[in-house]
Amino acid sequence: MQSAARAPATDRLPAEAVRPADNIPLGIALMIGATVLLTLSNAFSKHLVAHYPVGEVMFLRSSIAFGLVCAFMLPATGLGVFRTGKPGAHVARGLSQAISQTLTVLALGLMPLAGVTAIGFSAPLFAAVVAILWHKEASDPVRWGVLVVGFLGVLVVTNPGADSLQVGALFALGNAVMYGTVTVAVRGMAKTEKAGTLLIWQMAVMAAAHSVLLVFGFRWPSWPDAALFGLLGASNVGAQYLWTRALASAPATAVSPFYYLMLVWGMGLGYLAFGEVPTPHLVVGGTIVVAAGALLLWHETWMRRRGTSPLRSPGRAAGQGVRKWVASLRQKPATR
């Protein structure tokens with residue numbers, strides 16, 4: 001990725017031309033590491049939002065992550081990494097992610113860690129529905145059946161019949177709906193935008209958007225909590241890095257199923273750190289949602305191999321974008 005002039009020719013080649021040999025064991029290990037860091041990030045957020053205003057938590061989370069991304073990326077890419085022909089799309093993407101993550105943290109303040117994680121796994125189901133209904137993409141009975149089963153799993157997790165649907169569950173569902181919808185709406189950006197550009201724009205817009213929430217309150221953190229805020233930002237960046245490296249090392253279809261380990265980590269960490277004992281509704285409903293997501297992934301893979309896949313994989317497109325970016329960084333920098 002270049003800070004000036006045009007990108008090297010390698011960046012314009014098809015992904016297959018610059019794709020290194022797949023290393024599936026490495027990709028799986030990186031994805032597992034990403035799930036651990038994501039779970040830790042959620043746990044840090046859950047702890048901090050119980051003691052600090054949610055706007056402060058979101059701003060420090062985003063701004064620290066943005067600072068770390070700049071420190072890591074700009075020495076290699078220069079300011080050219082910000083260059084894009086779609087600034088409006090990047091802003092829309094960043095704003096949607098800012099709202100999505102805020103809803104997640106609000107849910108974490110009201111629900112068990114594993115419950116928020118399980119409901120979040122329904123995002124691919126919402127993405128599939130939006131792709132079918134909004135983009136008029138073809139579907140089949142198997143896909144609709146998987147979606148119905150998955151949404152039944154969400155109902156089991158939220159357990160609305162017990163009393164009333166929890167406010168925290170509504171926040172978690174709002175995050176899943178928004179994340180799934182945005183995934184479909186902006187997935188084409190991975191085909192034209194470099195991975196580094198996508199990442200740094202997202203972090204910058206999120207930090208700016210979350211700064212607005214500071215009007216709802218701010219209090220200086222204690223030194224131990226300041227360290228936790230630092231770990232929160234670092235875990236976000238680390239998870240993003242490991243996730244992109246996992247997609248660059250192996251096909252998305254090989255590593256994506258391991259993303260569901262977050263539910264296991266969420267149950268374990270929720271119990272150890274917050275004393276949250278998994279309920280039967282959470283275990284059964286979470287298992288249904290995970291099974292539905294895995295089956296949807298398998299069905300898409302099978303359809304793609306037949307050359308009849310009605311839905312394209314956003315993860316695969318993102319992985320190809322990462323491979324292009326990594327390959328371009330290996331080229332000799334263009335003359336400034």
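Numbers here mean position along the shown chain, with the first residue as 1.
Every residue, even glycine, has its Cβ placed from backbone N, Cα and C.
Taken from TrEMBL, the feature transmembrane segment applies to 24-44 (among others).
The feature domain 'EamA' is assigned by TrEMBL to 26-158 (among others).
What TrEMBL lists as transmembrane segment is 64-85 (among others).
Sequence annotations record features per position, and here TrEMBL assigns transmembrane segment to 105-134 (among others). Long-range contacts of the transmembrane segment (105-134) within the same chain, counting only residues at least 6 positions beyond its ends with a Cβ under 8 Å from a Cβ of the stretch, are 39, 42-43, 45-46, 49-50, 54, 57-58, 61, 143, 146-147, 150-151, 153-154, 157-158, 166-169, 171-173, 175-177, 179-181, 183-185, 260, 262-263, 266-267, 269-270, 273-274, 276, 278, 282, 285-286, 289-290, 292-293, 296-297, 311, 314.
Per TrEMBL, the feature transmembrane segment maps to 141-159 (among others).
Residues annotated as transmembrane segment in TrEMBL: 165-186 (among others).
Feature annotation from TrEMBL assigns domain 'EamA' to 167-296 (among others).
The transmembrane segment annotation in TrEMBL covers 198-220 (among others).
Among the features that TrEMBL reports, transmembrane segment is placed at 226-243 (among others).
For 255-274 (among others), the entry in TrEMBL reads transmembrane segment.
Annotated transmembrane segment per TrEMBL: 280-298 (among others), in sequence order.
No contact links the transmembrane segment (255-274) to the transmembrane segment (198-220), because fewer than 3 Cβ pairs that are 6 or more residues apart lie under 8 A. With Cβ pairs under 8 Å as the measure, the transmembrane segment (64-85) is packed most heavily against 198-220, out of 24-44, 141-159, 198-220. Helix, strand and coil counts from DSSP across the domain 'EamA' (26-158) read 111 helix, 0 strand, 22 coil. Below 8 angstroms of C-beta separation, residues 104, 108, 113, 116-117, 228-229, 231-232, 235-236, 238-240, 242-243, 245-247, 249-251, 254-256, 258-259, 261-262, 265-266, 269-270, 273-274 of the same chain, each at least six residues beyond the ends of the transmembrane segment (24-44), sit close to that stretch.
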